[in-house]
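Participant: My questions all concern the structure below.
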Amino acid sequence: MVDMESPLCPLSPLEAEDLESPLSEYFLQEMGTIQDISRSLGEDSSGSFGFPEYQYLGSGPGSDGSVITDTLSPASSPSSVSYPEVPCGVDEPPSSALNIECRICGDKASGYHYGVHACEGCKGFFRRTIRLKLVYDKCDRSCKIQKKNRNKCQYCRFHKCLSVGMSHNAIRFGRMPRSEKAKLKAEVLTCDRDSEGAETADLKSLAKRIYEAYLKNFHMNKVKARIILAGKTSSHPLFVIHDMETLCTAEKTLMAKVVSDGIRDKEAEVRIFHCCQCVSVETVTNLTEFAKAIPGFASLDLNDQVTLLKYGVYEAIFTMLSSTMNKDGMLVAYGHGFITREFLKNLRKPFCDMMEPKFNFAMKFNALELDDSDISLFVAAIICCGDRPGLLNIDHIEKMQEAIVHVLKLHLQSNHPDDTFLFPKLLQKLADLRQLVTEHAQLVQVIKTESDAALHPLLQEIYRDMY
């Protein structure tokens, strides 16, 4: 069994330049509301829907704040019926609490006019038509009345007014009848439930697609790695690489295909660096296939796809690499071997600096106790990052990113209900990853300069103009 203990390390702060990341905006929003979380958990979030009261504020009768009836009301109705004014906020929320649409054209309703919710434009149109007894040219096209075209066909507009229930017999302004209020409240609640249900289904579908693509494209996931590291596999025990002798043995057995004749005679550090490159190239290929499975990615401009992968693959690689690590070392050779952290630290300069920062990051990241479903969404969010330099269709990419981050947030809340701050803590890791990749790219350039280690063409293309 390999020791699995992972010490809890303090979170590192966000760097100033990382605050420009759209993902980091979520972090700032989360941190801004953390103070309210404990209070909000105890509040009744069900609430109740209230509706505004509309008053006639013109001159003459009713200018004192009372509400008058339509001057076209039947003779049997009183000429001036007053309704008591209900102070806003006493038993109903402000008028802005619910955005009600005009039943005729869909514009924002200004009140309850002639028996229905209507905007000022349609209210005035109906009043003029009735008062002046206007007759419009007949239209058989059943025109669709919308805000942008409501003035084009007056016949169909007036017909729509009548069809939705506008009547000169109804009061012109005033409080919404209780029956209408109850009906509208029921409609709003039903609509909200339906839309929430549809949205939840869409989000679950997105999360499922990303998770399935993750499991399909990556051989070593966290579940497998943790089982191997815990020594719970029924196969042969891990071969531990802890010195030069065991390294040579592993190169002849576990890594024989990777360590070719061309590099077999080079120094140990260069051979290890070569093996790391081979793993990286394979993972980049798998990440490319994973990215294609993210809804919307394959439809992006090819240049944008390349840019997102170029800047995101190493952040994703170091994220997934954490699953194979514990405080003592990491899995190699598809989980058949284990190389100790101490052995890697004792390599000569600058090779000894290659893996230690990754171990430090992994200890903090593993302390979050994410599972593969969480990690899959986080990796997808890393790839679809709208602040990468040189992107063409930024708006579309940011919408993709926003959807994935929203799914990630909801998934974490469901998967880790007891960890209220997990989402902002995870987003903070974005800053750590960017710094980690920057330092790694700089170290690779040093290794290229100070040794005879060659860089794989694919990785060379990724590093070019990167930092």
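Here the Cβ of each residue, glycine as well, is placed from N, Cα and C on the backbone.
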Participant: Looking at 47-69, 139-161, 231-253, which one does Swiss-Prot call zinc finger?
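Facilitator: My reading of Swiss-Prot: the zinc finger range is 139-161.
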Participant: Of 102-122, 270-290, 291-311, 417-437, which range does Swiss-Prot call zinc finger?
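Facilitator: It is 102-122 that Swiss-Prot annotates as zinc finger.
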Participant: Take the DNA-binding region (99-173) and count its residues per DSSP category (helix H/G/I, strand E/B, coil), listing them in that order.
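Facilitator: Its residues fall into 22 helix, 8 strand, 45 coil.
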Participant: Within 10 Å of the Cβ of Leu433 (site 'Essential for heterodimerization with RXRA'), how many other Cβ atoms are there?
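Facilitator: A count of 21.
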